[in-house]
């Protein structure tokens, strides 16, 4: 096969092989008419733009930014191209061959509909972190807090659509690590760097749920003499439960649990909001502090570190793109993904804004805690917090599954252990999960406080997976489009470039200034004595 293949005015050079992409193909399953065209495509036409926002069968798939990887040519998921210089492998070819390779297998992965994917998104985003919004609004003020909520939601929606478009162009992408290496010109350091951040991010989130699980058990057993070193022992219990619950190997199976998780989370936050309104005085009320004070803009006591931590808490709750390539990789028809995304984003904005604003209005700057259950009187707190149990367990399991799949798929690629029920396959899967949960337990004990752990994760990892990656992806895909003659309207093109530059700069701001503020916040918390030490035996109940 020739080292370069030209199609529609584009040339892809590679040391091994080059695969040109059909630039006007509909990615589908079993489509009879595969429309192929070498003429330039006007991206400003109404139908493609509509489809590029909401998904569906009208989606046009652009050219690849990288040649087909060697491993994909040999693992059976895609047939080897012929020696014909005009051989073309489309994204539809790859997708259909992936599905065909799973026919008859005991464990099939590309089985999710957009509804099941929406359930996974709801379970990821409608989560415990919602209860940090009242605390964030207490530092930012209600007006800036609500504005930031909508703005961040819009940015995450846009970058998620960029990510989705990238995955359509490269259906072999199974996780964000594959994607990261492609974005940075196929360099091995890009893969290893992305992999390290990917595993750390997911493990930190698992650690957060171990921490909150221990907080819940401490809250429910307050006043009793259960355990000797309560917080550590409770964290061990939560770790074991989550490890067992994360054993299912496909997202299709997990989506059923995800639906229940999101439902119970919604009940929990609604109950907490109602209880905040009917309880009278918030928990901890005293005449010295006075009635709850609600401010439209940042209070005078808000310094840079606190304001940045509040902003990072809001950002963390919205930013979840790190899992999206894994979800898209298990959709039977990935063109439908935007339907899941839009449904989840609308629900996020409404839920986060209403819960955050109403609870803040009743608890004020003086009595708001994070998570906000601590602002409720004992009975109300225990009732509403208890409905959060499915999410405390499930969401940690979801991220554990994403991490374990990343390792498992690389260990057993091209092996029967991947798709069949074997002792080696299940034993390895179980061991990988256990390793991630042990690391999560350690993290939960080293950074044993909720808001600071959210801020650290947001600044270190969301800077890349929430902003920088997708700004770079936009420019890489734009360049690939230009090479085959695709042109955008100049005004729209310049505005898009400027917007994506801002996205990259925002990510850099998160990584630098945000990390400083997060670390300083942890130092201040330890210095003030407002939190216990590492592996503390004291209670951490809310």
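Glycine residues also receive a Cβ, built from the backbone N, Cα and C atoms like all the rest.
Where the annotation comes from TrEMBL, it is an automatic prediction and has not been curated.
If you look up TrEMBL, you'll see 23-36 marked as compositional bias 'Basic and acidic residues'.
Taken from TrEMBL, the feature region 'Disordered' applies to 23-45.
TrEMBL lists 111-515 with the feature domain 'Amino acid transporter transmembrane'.
Among residues of the same chain six or more beyond the transmembrane segment (118-137), those with a C-beta under 8 A of the stretch's C-beta atoms are 112, 145-146, 149, 209, 212, 251, 254-259, 261-262, 265-266, 269, 272, 310-311, 313-314, 316-318, 320, 323, 327, 339-341, 343-344, 347-348, 351-352, 355-357, 359-360, 363, 368-373, 375, 388, 391-392, 394-395, 398, 450-451, 454. If you look up TrEMBL, you'll see 118-137 (among others) marked as transmembrane segment.
The annotation transmembrane segment is assigned in TrEMBL to 143-168 (among others).
Residues annotated as transmembrane segment in TrEMBL: 189-211 (among others).
Residues or ranges marked as transmembrane segment by TrEMBL: 231-248 (among others). Cβ atoms under 8 Å from those of the transmembrane segment (231-248) belong to residues 206, 209-211, 213-214, 217-218, 254, 257, 392-394, 396-398, 400-401, 404, 429-430, 433-434, 437-438, 440-441, 444-445, 448, 532, 535-540 of the same chain, restricted to positions at least 6 beyond its ends.
Note on the transmembrane segment (260-278): residues 119, 122-123, 126-128, 130-131, 351, 354-355, 358-359, 362-363, 372-373, 375-377, 380-381, 383-391, 393-395 of its chain, located 6 or more positions outside it, place their CB under 8 angstroms from a CB of the stretch. Here TrEMBL flags 260-278 (among others) as transmembrane segment.
The transmembrane segment annotation in TrEMBL covers 308-329 (among others).
Per TrEMBL, the feature transmembrane segment maps to 341-363 (among others). Sequence-distant contacts of the transmembrane segment (341-363), counting only residues of its own chain at least 6 positions beyond either end whose CB sits under 8 Å from a CB of the stretch, comprise 54, 118, 121-122, 125-126, 130-131, 133-134, 136-138, 142, 145-146, 149-150, 153, 156-157, 160-161, 164, 266, 269-270, 272-273, 276-277, 282, 292, 294, 314, 317-318, 369, 372, 375.
If you look up TrEMBL, you'll see 383-402 (among others) marked as transmembrane segment.
For the transmembrane segment (423-447), the residues of the chain that approach it from at least six positions outside its boundaries are 199, 202-204, 206-211, 214, 232, 235-236, 239-240, 242-243, 246-247, 249, 396, 400-401, 403-404, 407-408, 411-412, 417, 453, 456, 522, 534-536, judged by C-beta separation under 8 angstroms. Here TrEMBL flags 423-447 (among others) as transmembrane segment.
The transmembrane segment annotation in TrEMBL covers 453-475 (among others).
The transmembrane segment annotation in TrEMBL covers 496-517 (among others).
Within the chain carrying the transmembrane segment (383-402), a Cβ under 8 angstroms from the stretch's Cβ atoms is held by residues 120, 123-124, 126-128, 175, 202-203, 205-206, 208-210, 212-213, 216, 219-220, 238, 241-243, 245-246, 248-249, 251, 254, 257-258, 260-262, 264-265, 267-269, 271-272, 275, 322-323, 326, 373, 376, 433, 436-437, 440, 542, all 6 or more beyond its ends. Tertiary proximity for the transmembrane segment (308-329) is limited to same-chain residues at least six positions away from its ends with a CB under 8 Å from its CB atoms, namely 109-110, 112, 117, 120-121, 124-125, 127, 129-130, 132-133, 135-140, 145, 148-149, 152-153, 156, 159-160, 163-164, 167, 171, 173-176, 178-179, 198, 201-202, 251, 302, 337, 348, 352, 370, 398-399, 402, 405-406, 451-452, 454-455, 457-459, 461-462, 465-466, 469-470, 510, 513-514, 517-518, 521. Same-chain residues lying 6+ beyond the ends of the transmembrane segment (143-168) with a Cβ under 8 Å from its Cβ atoms: 27, 52-53, 55, 59, 61-62, 91, 133, 136-137, 179, 182, 296-298, 310-311, 314-315, 318-321, 324-325, 328-329, 334-335, 337-338, 341-342, 345, 348-349, 352-353, 356-357, 360, 466-467, 469-471, 473-474, 477, 499, 503, 506.
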